[in-house]
Amino acid sequence: QVAAASGHTVVLVDQSDEILKKSTKGIEESLKRVTKKKFADKPEAGAEFIEKTLKNLTTSTDAAAVVHSTDLVIEAIVENMEVKNKLFTTLDKFAPEHTIFASNTSSLQITTLSNSTTRQDRFGGLHFFNPVPMMKLVEVIRTPMTSQKTFESLMDFSKAVGKSPVSCNDTPGFIVNRLLVPYMMEAVRLFERGDASKEDIDVAMKLGAGYPMGPFELLDYVGLDTSKYIIDGWHSLEPNNPLFAPSPLLNKLVEEKKLGKKTGEGFYKYK
């Protein structure tokens, strides 16, 4: 959506036409919300903007078939190293030499992903934040092999789609999650030790640190399974780092399928 709205030609690829129809409808709805604010007093200009944006967007279920004419591939599939590597290896065979590959992963190592291709110098991370149309931040990740030209292209692209890029080396969690995930885990440990209630911890961080959500609300929003997946991955990389230690309570909730907002219960209950 943000790439198409800023004048780029985009091909959105997913596994089925059904998913793509749903995605396109979602983008249309999102664009309507954007134009209501952006073109409040000019409905004609708003309608034109939506039409122009959607014209920049086509869909396909065959990534290998459409990659031959692209300058940039942004992968945002399931957070599974094996599945991602398989996709990149395939696309590497069909993409032109100049094409840059980027992953939107939030927790996997970009260097490992780039090793599944022959273009390690044209590979980096572009980590967008949800919801992407609203959030200004993009983390641009460079590996030891990412060329300066590739890095500059990724920074320029981020600015061209209206975002504010920050750069970071390929370290677990990059900047935001590297600080945010251990903070959320520390909140769980504080609660596990019985030092404070979930509710009081959430209120304290909202009123004392100005956070829009407390750590337990945020964990429920992100998904407890996602948070567990991230911390388990980091723990296997650095087993002696106390910040990455697993939490018995988090593991128990995930085992009970209490994964947060999406299942109706996590640390809190939702109707």
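Including glycine, each Cβ sits where the backbone N, Cα and C put it.
Quick caveat, the model's predicted, so the values are computed rather than measured.
As given in TrEMBL:
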- 1-171: domain '3-hydroxyacyl-CoA dehydrogenase NAD binding' (DOMAIN)
- SER30, LYS37, SER106: CoA binding site (BINDING)
- HIS127: site 'Important for catalytic activity' (SITE)
- 173-270: domain '3-hydroxyacyl-CoA dehydrogenase C-terminal' (DOMAIN)
Inset, instruction - Over the domain '3-hydroxyacyl-CoA dehydrogenase NAD binding' (1-171), work out the mean pLDDT and round it to an integer. - result: 96
Legend entry - Winner by Cβ contact number (other Cβ atoms within 10 Å) across the recorded positions LYS37, HIS127: HIS127
Legend entry - Least buried by Cβ count (within 10 Å) of the binding-site residues SER30, SER106: SER30
Inset, instruction - Among SER30, LYS37, SER106, the annotated CoA contacts, find the widest CA pair distance and round it to a whole Å. - result: 30
Inset, instruction - By DSSP assignment, list the helix, strand and coil residue numbers for the domain '3-hydroxyacyl-CoA dehydrogenase C-terminal' (173-270), in that order. - result: 65 helix, 3 strand, 30 coil
Inset, instruction - Cα within 10 Å of HIS127 (site 'Important for catalytic activity') is the criterion; apply it to the binding-site residues SER30, LYS37, SER106 and give the hits in sequence order. - result: SER106
